[in-house]
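Have a look at the structure below, then the notes.
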Amino acid sequence: MEYFYTSQCPDMDHLRSLSVANRWLETDLPLGDDAKDVAALSEPELEFYRFLFAFLSAADDLVNVNLGSLSELFTQKDILHYYIEQECIEVVHSRVYSAIQLMLFRGDAAARERYVRAALRDEAIRRKVEWLDSRVAECASVAEKYLLMILIEGIFFASSFASISYLRTHNLFVVTCQSNDFISRDEAIHTSASCCIYNNYLGDAPRPDEARIHQLFAEAVEIECEFLRARAPRDSLLLDLPAIISYVRYSADRLLQAIGASPLFGAPAPAADFPMALMVAEKHTNFFERRSTNYTGTVVNDL
């Protein structure tokens, strides 16, 4: 062990620096301004967004139970420092999700608790958790565990983030959409970090072959798309389900390319009017390098 800092992983140090430059707090965003918009949602739409935020708020705990702390595998301080930054921003995400949940239940904390406990037993969420359970159990190497982390961070949140962003197209929940931009931006860094570690810092750990990689990606994308189809409100004008599903598949192909695998889905890039302000890791990086300070201003479309 070295008892002083030396740079060993400049790419991971760059990702840590991006995280530091874009720190934010739950107090930066006045979510109370969005409370008036709850009444603008139909009951099926309100149910859908309550469900999404129940999943997102619980996702970190569900993941950690299965994959544990991958940071314990490393001694390089750049990687350890990066993970400290990631843990700090995940605390902010958790607090923001809690505040949004409470807003969607009009301040009724008991109703929120009952709902979340029931939602976590829903088949759409259980399918994600059970898939992760089974794939962790059969992991042949730490590299495959990192593949699962890439899929969780890069695919299993994708339809939720996109669905939340559609509220912006109706001028609803402006601050919630801004927090969604920040959180999806943060998760893009987390996904990039997992890809970076997978590519560069797992030593001699055997990598899955491309057939196995494609199998895991195909399963994760199918589960994510079915998650959306199962819970999205019928006949709602808020969402464009085909566009979100195409976005999930496009995101999967970009991640495959990021780890040196061939694309699987051939989905086109999202249209210019797709409401996600930030969509892929490269765009996120460009956004971060500009260091946004407009926490309460207009969200920049960086497509």
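The backbone N, Cα and C atoms fix where each Cβ goes, and this holds for glycine too.
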* Select one of Glu72, Glu90, Glu113, Glu226: the residue that Swiss-Prot places in the Fe cation 2 site alongside Glu153, Glu187, His190. => Glu90
* For the Fe cation 1 site that Swiss-Prot assigns to Glu90, His93, which of Asp60, Asp122, Asp133 is also named? -> Asp60
* Calculate the distance in Å between the alpha carbons (Cα) of His93 (Fe cation 1 binding site) and Glu153 (Fe cation 2 binding site), and round it to a whole number. => 13
* Structure fact -> Quick tally, other C-beta within 10 angstroms, Asp60, Glu90, Glu153, Glu187; top of the binding-site residues is Glu153
* Spatial neighbours of Tyr97 (active site) that are distant in sequence (at least 6 apart) but have CB under 8 A -> Phe53, Leu56, Ser57
* Under 8 Å Cβ-Cβ from His190 (Fe cation 2 binding site), six or more apart in the same chain: what's there? -> Gln86, Glu153
* Asked: In whole Å, how far is Asp60 (Fe cation 1 binding site) from Glu187 (Fe cation 2 binding site) when you measure between their Cα atoms?
  -> 12
* Residues close to Fe cation 1 site centre defined by Asp60, Glu90, His93, Cβ within 8 Å -> Ala59, Ile89, Val91, Val92, Ser94
* Asked: For His93 (Fe cation 1 binding site), what is the tally of other C-beta atoms lying within 10 angstroms of its C-beta?
  -> 19
